[in-house]
Amino acid sequence: MLDAFSRSVVSADAKTAPVGGSDLAGLRSYVRDGNKRLDAVNAITSNASCIVSDAVTGMICENTGLIQAGGNCYPNRRMAACLRDGEIVLRYISYALLAGDASVLDDRCLNGLKETYIALGVPTQSAGRAVAIMKASATAHIGETNTPGLGGKRFRKMETTQGDCAALVAEAGAYFDRVIGAIS
């Protein structure tokens, strides 16, 4: 796993040159937006259980056969495994967002995930749909476009650094799309 700093050093070392120019400008931008990045990761991790449970619920509402006898979310242990997998995927996406690099997501989460799901008989289309729902929820939390809806007292609006988070929303969205692409 390489963070933005390590990537710049490795790149400069490969060119046998000091870190400078566009690499240095990229690092300045990374540091300047660091608090926004931390707030984005905090928004995901603070709401992780809600994001995952809502995604699994949405997936099941769209395919009720998953909770019937023989379905992949029946009995309880399979449902628990589904929730656990969603939390693991979300955790690695938050790691990638914090580092500003997808290598940790690719190496430790996505490598062999589709093959594992196929071997276990997990419907990859449903898993991909759950990740798409997680993407919608997580990016709403990052971009602060989440609304109380039916959440009532459970709704939390995070205190975050002011400024445009569109780039972080897009980056997080790209990580979710990477997961969807890997399991579809």
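Placement of Cβ uses the backbone N, Cα and C atoms for every residue, glycine included.
Positions annotated as (2R,3E)-phycoerythrobilin 1 binding site by Swiss-Prot: Cys50, Cys61. Positions annotated as N4-methylasparagine by Swiss-Prot: Asn72. The annotation (2R,3E)-phycoerythrobilin 2 binding site is assigned in Swiss-Prot to Cys82. For Cys165, the entry in Swiss-Prot reads (2R,3E)-phycoerythrobilin 3 binding site.
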Euclidean distance between Cα atoms of Asn72 (N4-methylasparagine) and Cys61 ((2R,3E)-phycoerythrobilin 1 binding site), Å: 14
If one measures from the C-alpha of Cys50 ((2R,3E)-phycoerythrobilin 1 binding site) to the C-alpha of the residue listed as 'N4-methylasparagine', what distance in angstrom results, rounded to a whole number? 21
Work through the binding-site residues one by one (Cys61, Cys82) and point out the residue whose CB has the fewest other CB atoms within 10 angstroms. Cys61
Just to verify a number: CA distance, Cys165 ((2R,3E)-phycoerythrobilin 3 binding site) to Asn72 (N4-methylasparagine), in angstrom, no decimals. 37
Let me know the DSSP-derived helix, strand or coil state of Cys61 ((2R,3E)-phycoerythrobilin 1 binding site), please. helix
Across every protein chain in view, the count of C-beta atoms other than its own within 10 A of the C-beta of the residue listed as '(2R,3E)-phycoerythrobilin 3 binding site' is 23
Packing count at Cys50 ((2R,3E)-phycoerythrobilin 1 binding site) (other Cβ atoms within 10 Å of its Cβ): 15
Rounded to an integer, what is the Cα-Cα distance in Å between Cys82 ((2R,3E)-phycoerythrobilin 2 binding site) and the residue listed as 'N4-methylasparagine'? 8
Among all the protein chains here, how many other CB atoms are within 10 A of the CB of the residue listed as 'N4-methylasparagine'? 21
